[in-house]
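Participant: Encoded as structure tokens, here's the structure I'll be asking about.
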Amino acid sequence: MTKQEYEKAVDTLNAWAKAYYDEDEPLASDEEYDALYHAVLAFEQANPSEISLFSPTKRVGGGVKEGFSKASHIKRMWSMEDIFSLGELDAWLKRGEKENLTFVAEPKFDGASLNLLYENGVLVRAITRGDGVTGEDVTQNARTISSVPKSISYKGLIEIRGEVVIRKDDFELLNMERAKEGEAPLSNPRNAAAGSLRQLDSAVTAKRKLLFIPWGVGEQSLGLKDHSEVMKFVRDLGFERDDFFKILKKDELEAAYNELLANRDSKSVMMDGMVIRVNDLARCEQLGYTVKFPKFMVAFKFPAIEKVTRLKDVALQVGRSGVVTPVGVLDEVNIDGANVKSATLHNFDEIERLGVMKNDYIGIIRSGDVIPKITKVFKDRRDGSEQAIERPKFCPVCGSHLLDEGVFVKCQNLSCRARVVGSIIHYASKKCLNIDGLGDAIVNLLFDKGLIACIKDIYGLKFDDLMSLEGFKEKKVNNLLNAIEASKGAELSRFITGLGCEHIGEVAAKKLASSFGLDWLDASFEELTALEGFGVEMANSLIDFAEVNRDEILALSQIVQPSVTQVQSISNALSGKTVVITGTLSRPRDEIKAELESFGAKVSGSVSKKTDFVLAGEEAGSKLDKANELGVLVIDESEYERLKLEV
């Protein structure tokens, strides 16, 4: 994976995570998310100095939905590390010397995590996981769930955590009722449960027959030694019990996993794996946490489910860069509770690689999403009705002639609706100008109503124009206009990123802003290629982009007035040093990298004889080995903090 591919993968994962956690409308299967997530993780482990501040590997869950108030957990609500094979399980057991410990194994239910706070025996608050520190206060909705006790016999302060799910049968009945009312069916039980829990109207939640299954605790002073004892205590308070709860040794884990997997379909609720956690609570605390996961527990995920269906047609989608992406239209098939009608085909080279044709029978896999992946083509089932999938010559949106670059087929018309809308959505996104409220649906509506036709038009939106739109109230209009106004004066690097020049991501934009400031548009090919990390392709892309769009960029810049942050170097023992960061630290690496650079240090991604020292955290890998081999000084965080004070 290249740096550019990594940055794109981070953007994709964040979009998928937002759709999954915040909107309860997944854009990708669990398998696709997991695969891309682990590719990103592998890149970060190999390139720790390049980790994005927005990387999903450093974040737990999602955000807070508009309409709900924020509430904080007393104890942080962590995410879980996923593993997919016995080899990965063995590696996890060896980390921290867990092999001789006793474990608890239980189902990983596929729903929405919820934290229940009881005080003096009364349910006082119910909070979604959110980002792990704060979530949504859904207390009123939780009180409508029959399996959530309103009061318990224990009078101490305690956080009881679990999964909100919906039984498969109840999910089918719910969709039947929605069909009778002319409403669209819900995609799968997981999203039905999450969406039901986060309804603004508690009466809707009450009708959904949700189920709360506890799996742990947060704040508590029970004084118990084992997780199994804690869960017995919780279930004795009147909470739901599951019949699969095993206390096991290492050698028994595989058999337990296979047993649970074999019973997957017979379970009344959706499962997507088996949770394995150290039983001894004191040992759990000794093992500790990474920035995202507890080290004492892991989710051994089930394999994705595969089914056979037929590819009826291929639809074409156009992105903001003009790339035309083929999407397979399928004979509808139900996979593990979700009705699937489409599958990604990635690009036209992938179609040729698969050798797939219209009307072919294909194998698809998914896990928790409606857009699966095609894994195979059953060519032996062809009956003569198959048709070749032609590479398109004209844009399906604007009709202009397409440029065929091999892997990618592109629309070059800068006025193409798909490109314009996509570019505005990108510009307004969190990593760019961060214009809250200017998402996909709103941008499409504004474009259709003729209120915007380019990025600059965002800043010409008027109160009266927005008030005339369906669904827009005074508060919503003011919030949007305030967010647009607040985007003025944004950092130059964010502004450059928001313009969407091909091959110029966040890192390259920061380099341009810090090197050239407001004169970045005038940088020559020689100046660009002299920058660290800038290649010929990036330089040519930027020069071509600047030449074609100069007038529009300058006009937009006059409105936004992007700011250039001047970094003042603080002289201390770190000034002029070349530093490599490796391993897991107590703070995000981007934060430490920025701090080092403010001291005048250079942060490198690889260890060499020119490296002055390596800052090593937990589980440091090959870079630490290389440092020891070359005799490079290795320091920990406490030594780093001391060096900061040496002027």
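Just so it is clear, glycine is given a Cβ too, placed from its N, Cα and C backbone atoms.
Per Swiss-Prot, the feature active site, N6-AMP-lysine intermediate maps to Lys108; the stated evidence is sequence analysis. Under the heading NAD(+) binding site, Swiss-Prot lists Asp30, Glu31, Glu32, Tyr33, Asp34, Ser79, Met80, Glu106, Arg129, Glu163, Lys301, citing sequence analysis as support. Under the heading Zn(2+) binding site, Swiss-Prot lists Cys395, Cys398, Cys411, Cys416, citing sequence analysis as support. Per Swiss-Prot, the feature domain 'BRCT' maps to 569-647; the stated evidence is sequence analysis.
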Participant: Looking at the binding-site residues Glu32, Asp34, which one has the fewest other Cβ atoms within 10 Å of its own Cβ?
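Facilitator: Sparsest of the binding-site residues Glu32, Asp34 by Cβ contacts within 10 Å: Asp34.
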Participant: Work through the binding-site residues one by one (Met80, Cys395, Cys398, Cys411) and point out the residue whose CB has the fewest other CB atoms within 10 angstroms.
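Facilitator: Selected from the binding-site residues Met80, Cys395, Cys398, Cys411 on minimum Cβ neighbours within 10 Å: Cys398.
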Participant: In the same chain, which residues outside the set Cys395, Cys398, Cys411, Cys416 have their CB within 8 A of the centroid of the CB atoms that define the Zn(2+) site?
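Facilitator: Other same-chain residues near the Zn(2+) site: Val318, Gly322, Pro396, Val397, Gly399, Ser400, Leu402, Gln412, Asn413, Arg417, Ala418, Arg419.
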Participant: Express the distance between the Cα positions of the residue listed as 'active site, N6-AMP-lysine intermediate' and Cys411 (Zn(2+) binding site) as a whole number of Å.
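Facilitator: Checking the Cα atoms of the residue listed as 'active site, N6-AMP-lysine intermediate' and Cys411 (Zn(2+) binding site) gives a distance of 44 Å.
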Participant: Have a look at the binding-site residues Glu32, Asp34, Met80, Arg129, Lys301 and say which one has the shortest Cα distance to Cys395 (Zn(2+) binding site).
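Facilitator: Looking at Cα distances from Cys395 (Zn(2+) binding site), the smallest one goes to Glu32.
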Participant: Using only C-alpha positions, which one of Glu32, Asp34, Met80, Arg129, Lys301 is spatially nearest Cys398 (Zn(2+) binding site)? These are the binding-site residues in the record.
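Facilitator: Nearest candidate: Glu32.
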Participant: Going by C-alpha positions, which of the binding-site residues (Glu32, Asp34, Lys301) is nearest Cys416 (Zn(2+) binding site)?
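Facilitator: Of all the candidates listed, Glu32 is nearest in space.
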Participant: When a 10 Å sphere is centred on the Cβ of Lys108 (active site, N6-AMP-lysine intermediate), how many other Cβ atoms does it contain?
Facilitator: 22
Participant: Rounded to the nearest Å, what's the C-alpha distance separating Lys301 (NAD(+) binding site) and Cys411 (Zn(2+) binding site)? Just drop the number here, would you?
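Facilitator: If we compare the Cα positions of Lys301 (NAD(+) binding site) and Cys411 (Zn(2+) binding site), the gap is 40 Å.
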Participant: What does the structure give for the C-alpha distance between Asp34 (NAD(+) binding site) and Cys411 (Zn(2+) binding site)? Integer Å is fine.
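Facilitator: Cα-Cα, rounded: 31 Å.
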Participant: Look up Cys395 (Zn(2+) binding site) in the DSSP assignment and report helix, strand or coil.
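Facilitator: SS state of Cys395 (Zn(2+) binding site) = coil.
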